[in-house]
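**Student:** Structure provided below as structure tokens; questions to follow.
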């Protein structure tokens, strides 16, 4: 929308250059209000929240900052209003309820008189949000409780928002109980987790910061808060068993996502007993609920990964008015403040991977088919036990058709479990890994992938209590013989086998090594005219050269093929490999079936005889380049001609060279 200069306030539903144009006029303040709610965020135009707060669009409004007003015909709000004392400033900034209670509690005289104070003044909405019984208790004994509550919102010195440093605290005017400040990187400032919604309202005798809630004195650490709350009885027991009590009593700045008794009850009893009986897993579980810093709910405007004491990340975010963890609205109570941190109550237990068994790691992942097959194959004891193992779990998409448990399938699934716990970061090219079935699997490291035989790792490691899960993109094909054995066992290659024997290459394909064979099928040979094929079969040297052009040095499984991969062949030239729509292309011809694994190589079936690509001649390259340059120069010349009619001498030389 376009906002007239003559109006005091304008509202823009979309963000454009107009926002900045208005915002940077003298003493114009912006207010972002979450659309459809009363929640507002003050900004001085140095901080913006990407026009969405907690996933909800905002309405941006512009008005004169408190203490300033417009002058007809002038831009912005250049006229400074006279400063008044704190009591009257409360009225200027709209904190009418705080002003009323200040008068009722006989605080008016103090904040009208001489001094230098900082008043964290609750908004009208903040007072209205107090439970009725608490508000009644305050105002029924105005000379004591209400005055004490208001004094706790005051500091006996002037503090601008810039001076409210993250992690600092200041003695309040109520028995020197401290107020706790947090100034977050996104610009949000909180006092005892109450957000400053209108900061830096200057007065003759101090400064007023309007806050979004009534704050209360803090005297207990977070461990004491847990100790006295019956809803956290199970958590309290777990903390003691894990030896974390001293940590939560110590000085620091922690955020605890505290699972309630109900949260623990949702966990299967067998799983809960296992974790509670394992000090290492229990400590990991609890540390996964603790952040290394203090994070008030009001400081969150979007999802942000945050590191836990356990070492992994939690995404702390929000959705409208709800605070979220890992995208789920499981926080039931927020901002219970202690002297050394803050507690947010959650109704679901968060179990980190490091406290899980292999079976638990697989649950909820995209490997449900593989998980069922492991169980059906009788391998559950390995998935739930304490053996150091690594599970190679193919994605659900890797399985085609119905999967029936047979002895061969049982053997295959057994060979998807490695005998040691590994990290993908420790794997190296040529490494051999032994399976529970006794097979040796090879590791292939490529520029763009990390593969075990034909299956490449498709996700980050899931490292459990005793074992690790690698999610892989294919069902493993363990090598069962040499390249020659693979070809002989497949009827599609009967003509190729004959050609190999004629060329005297049988020994080459049986010996130890690492080869990639783009193996022509019978269809490929049948496509050659019979006379030409007969001639080729009679010329052993030429036949050998043709076959060697199909054999590349080194192992290149499909996961190792990038957009431009050029392995050298045994014939001496290079092949051009590419990948499009999950299909390998060799010299621009598609591979019919990839990754037939052998002990000394890998076979990729192709339905054509591959020939070297015809290179583009130097003349053709030069002609094509000249055409491109001339087209570009014409565009440039046309453009420059509209700008200037004077021909620069150097530009004329460039045109001459291009057209030559």
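Glycine is no exception: its Cβ is also placed from the backbone N, Cα and C atoms.
Quick paste of what TrEMBL says about this protein:
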{"type": "DOMAIN", "residues": "25-79", "note": "domain 'EMI'"}
{"type": "DOMAIN", "residues": "80-215", "note": "domain 'FAS1'"}
{"type": "DOMAIN", "residues": "219-350", "note": "domain 'FAS1'"}
{"type": "DOMAIN", "residues": "354-476", "note": "domain 'FAS1'"}
{"type": "DOMAIN", "residues": "480-610", "note": "domain 'FAS1'"}
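Quick one: where do these features end up spatially?
**Tutor:** Note on the domain 'FAS1' (219-350): DSSP counts are 49 helix, 39 strand, 44 coil.
DSSP assignment over the domain 'FAS1' (354-476) gives 35 helix, 30 strand, 58 coil.
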**Student:** Looking only at the domain 'FAS1' (80-215), what is the model's average confidence as pLDDT?
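**Tutor:** Value for the domain 'FAS1' (80-215), mean pLDDT as a whole number: 94.
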**Student:** Using DSSP, what is the helix/strand/coil residue split across the domain 'FAS1' (480-610)?
**Tutor:** 50 helix, 37 strand, 44 coil
